[in-house]
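Peer 1: Here it is, the structure, as structure tokens.
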Amino acid sequence: MGTPILDAFNVRVEGSGDKYLVFAHGFGTDQSAWQRVLPYFTRSYKVILYDLVCAGSVNPDHFDFRRYTTLDAYVDDLLNILDSLHVTRCAYVGHSISAMTGMLASIRRPELFSKLILIGASPRFLNDGENYHGGFEQGEIEHVFSAMEANYEAWVNGFAPLAVGADVPTAVREFSRTLFNMRPDISLFVSRTVFNSDLRGILGLVNVPCCIMQTARDMSVPASVATYMKEHIGGKSTVQWLDTEGHLPHLSAPSYLAHQLEIALSQ
């Protein structure tokens, strides 16, 4: 699109509406994850899509292992993209890692975001005693890292159907494709960054209205995490319980998710 950051992250703006809507994908996918959700919004919004630096669709030379040790660098990328497009106000839909990135960005620049819609969001994946159930023990996480390191292909083949959750073979194939597109060392590095992060302390600083979308069964994010986030986010927040399974409803139930997004955006 003419500037280095927009070209580097394959930024696209689709649609003809007056307002901006950002779709930011999560770990293991790229912007194509939104392809069956996108058509529902191009009449009402200018929709901004981009690829995270870790996506297989981005030149891996852009991934600086020293810089991307925390989500702050992903926040920098998001804000630089919006500034390059001269966006002054937008609604934001973030999945997984990008849900938390959106929250961090809203703390830095609250005036930029009218609403955050957070899909499969978690501020902390590890359990913390009796006070917080993130879904994983440290040993389980280390086992995941070891499996990724030992045989990435085998790990993807096992992980993709578990993450999708629902019995939707096309979604499993699509998620597997984008996982395989990632360079394995980058995939492992990002996994370590995400699973070892603890962003519970920033929730109270988020004052932009939030809608937390939580599926019926998500192997990565227990339902209790959605409730925890609602209770700790500083501003107005709601939980929208989705009548579908898995961590990737935009792949497994795109038309249903699009309808739920329309409801959230209208409120």
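Including glycine, each Cβ sits where the backbone N, Cα and C put it.
I grabbed these lines from Swiss-Prot:
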ACT_SITE  SER96  active site, nucleophile
ACT_SITE  ASP218  active site
ACT_SITE  HIS247  active site
Peer 1: HIS247 (active site) to ASP218 (active site): how many Å between their Cα atoms?
Peer 2: 5
Peer 1: Show which residues of the chain containing the residue listed as 'active site, nucleophile', separated from it by at least 6 in sequence, have their CB under 8 Å from its CB.
Peer 2: HIS25, GLY26, PHE27, ILE119, GLY120, ALA121, VAL194, SER220, HIS247
Peer 1: So for ASP218 (active site), how many other CB atoms are inside 10 Å of its CB?
Peer 2: 24
Peer 1: Mind giving me a neighbour count for HIS247 (active site)? Other Cβ atoms within 10 Å of its Cβ, every protein chain shown.
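Peer 2: Taking every protein chain into account, the count is 24.
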